[in-house]
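Below you'll find the structure, written out as structure tokens, and then a few comments.
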Amino acid sequence: MVGTGGPVATFSVWDYVVFAGTILGTAGIGLFQAIRGRKDTSSAEFLLGGRQLTAVPVAMSLTASFMSGITVLGTPAEAYRFGVAFWLFAFSYAIMSSVTAEVFVPLFYRLGITSAYEYLEMRFSRLVRLIGTSMYIAQTWSHDVSFAFCSVTGLDLWGVLVATGAVCIIYCTVGGLKAVIWTDVLQMVIMLAGFLAVIARGAVLQDGLSKIWEDANKGGRLKAFDFDPDPLKRHTFWTIVIGGSVMWTSMYSINQSQVQRYIACKTLGHAKMSLYVNMVGLWVTVSLAVFSGLTMYSIYKNCDPFTNGDVSTTDQLLPYLVMDILAIYPGVPGLFVAAAYSGTLSTVSSSINALVAVTVEDFIFPVFKNLTAKQVTWMNMSLSVFFGGVCIGMAGVASTMGNILQAALSIFGMISGPLLGLYLLGMLFRTSNPTGGLLGMLVGLVLTLWVGIGGQLYPPTNEKTNPLPLTTTGCNNTMSQNYTTTAPWTSPLTLTSPSDVRPPLADAWYSLSYLYFAPLGVLTTIASGLLISIITGGCKQKKLNSDLFVKTSDLICFSCFSSSKVRMLNLLSGNLKVYTEKTI
């Protein structure tokens, strides 16, 4: 019976058909884009689609890239365990989209860059650029990709890994960025359809959406607005809106996977619009993901599959639910797994294309300046194959881990925070120099790694994470004694946390919310970078190119004001001319 624990069905023939159809459809789009653009094999076409892309497909690609397998599987589990506070990230997405569109996009678009890290050499030095690129590569390889659906559905993990690698390598290698963009469009549609299937079936089983909402309210899952300013609490309004905004800004504004998409747009207007349309896509995505988690809670409110031992990791909760409630509809579970798989495909393909771009632009072109067009083409394709293999290998390692949503976001914050601080130091402060920029970023990185790694070794207590209660009293097949638990589900990176050996910093410094890692890195990098720059002669630098700094004319509010001012002056001058003619 649904929602009472025990084994669930595995994939049927039709599920395999739907799943295989997704793989073939994705590969087909990539091959079509390759055939369509076979006449132009230049590096600009391969890496940036010839800079002729439009806002809507780029926006859908940005959203699909965000909707990794981690998001598809991890966000519903987050809402199931901790409630709807995660939905407050919608505010963070709005702030992130506005800052990225109005501050970073005009700057990158004006400079005509291919790699986001070209800016670091223009503003600081080649050494700073290479370090920034290396940090991005390390961050990308540590970006966990979840295949948790394999163990629940009966799919072979390594078989899926090989299929993922083959498909991504094929369309990334032969189709370039255009293939990645258009396959992301298909994958986003499939992912949203997967969430809708779960919610629709859950509403039928629970006698309507209102019943799901009522169960969530009784279970304490609807308390989203916690205004406690304590920076040690995992999720509050302030940690999510302030910390989350900085973290997501660092991921969208300077992360090559995202930058490469919007600088490929044919005009600055399309580039900005892609981010605002993407913002709406993120709102829809997080809303459906969170409500899927509430649906899961409504069904399992009396029998938690994780506590009951039906699943071994929290990322398996949603696949377990799908096989529990949708197995009676042949092909529908295959649709959901295709949704989670599409998130993985999008993440891997984005990583491959971006890694090729930064490797070529930041490491190869500056050294080998006389490469022919044919050599560049073969080099791009060879690197796509290499990075595809590396990404899939890393995904295989990550799939042996448990709940990876927070771990992935923590890693992004630890690395992207200091890197974002370095960019802001260069874009906003003329005093900053290469020495201050480099040392400031290193200070910020050391600080965020210290608190981040410490937080993984000594995870915060229940008082700071606020896990909500779950029970197994309604399970038919309980593997342990029935009980209600609020035990924390710790990160897979946790090595040990015995209470008798927790150091004094464990309940203070190491308990800092993971969402504050990025703001900590940004502020530390800027403050220390400015101080070091002033000490090392930053105030005496020669005149710098004004295009390397943020301009008020880049902001839409100032440009609109300027346009209105010009129109008003033209109107007044026209009226004055008419009045003068009449007077004469």
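Cβ coordinates are placed from backbone N, Cα and C, and glycine is handled just like the others.
Note: TrEMBL annotation is automatic and uncurated.
Residues or ranges marked as transmembrane segment by TrEMBL: 13-32 (among others). Sequence-distant neighbours of the transmembrane segment (13-32) (same chain, 6+ residues past either end, Cβ-Cβ under 8 Å): 153, 155, 163, 167, 170-172, 174-175, 179-180, 182-183, 186-187, 190, 330-335, 337-338, 341-342, 345.
Taken from TrEMBL, the feature transmembrane segment applies to 53-73 (among others).
Long-range contacts of the transmembrane segment (85-109) within the same chain, counting only residues at least 6 positions beyond its ends with a Cβ under 8 Å from a Cβ of the stretch, are 75, 78-79, 116, 119, 223-226, 235-237, 240-241, 244-245, 247-249, 252-254, 259, 262-263, 268, 271-272, 275-276, 278-279, 282-283, 286-287, 290, 423, 427, 547-548, 550-551, 554-556. Marked as transmembrane segment by TrEMBL: 85-109 (among others).
Annotation source TrEMBL lists transmembrane segment at 130-149 (among others).
What TrEMBL records for 155-173 (among others) is transmembrane segment.
The transmembrane segment annotation in TrEMBL covers 185-204 (among others).
Residues or ranges marked as transmembrane segment in TrEMBL: 235-254 (among others).
According to TrEMBL, the feature transmembrane segment maps to 320-341 (among others).
Annotation comment: TrEMBL describes 378-398 (among others) as transmembrane segment.
Sequence annotations record features per position, and here TrEMBL assigns transmembrane segment to 404-425 (among others).
Among the features that TrEMBL reports, transmembrane segment is placed at 437-458 (among others).
Summarising the annotation, TrEMBL assigns transmembrane segment to 514-535 (among others). Sequence-distant contacts of the transmembrane segment (514-535), counting only residues of its own chain at least 6 positions beyond either end whose CB sits under 8 Å from a CB of the stretch, comprise 231, 234-235, 239-240, 242-244, 246-247, 250, 406, 409-410, 412-414, 416-422, 424-425, 429, 431-433, 435-437, 439-441, 443-445, 447-448, 451-452, 455.
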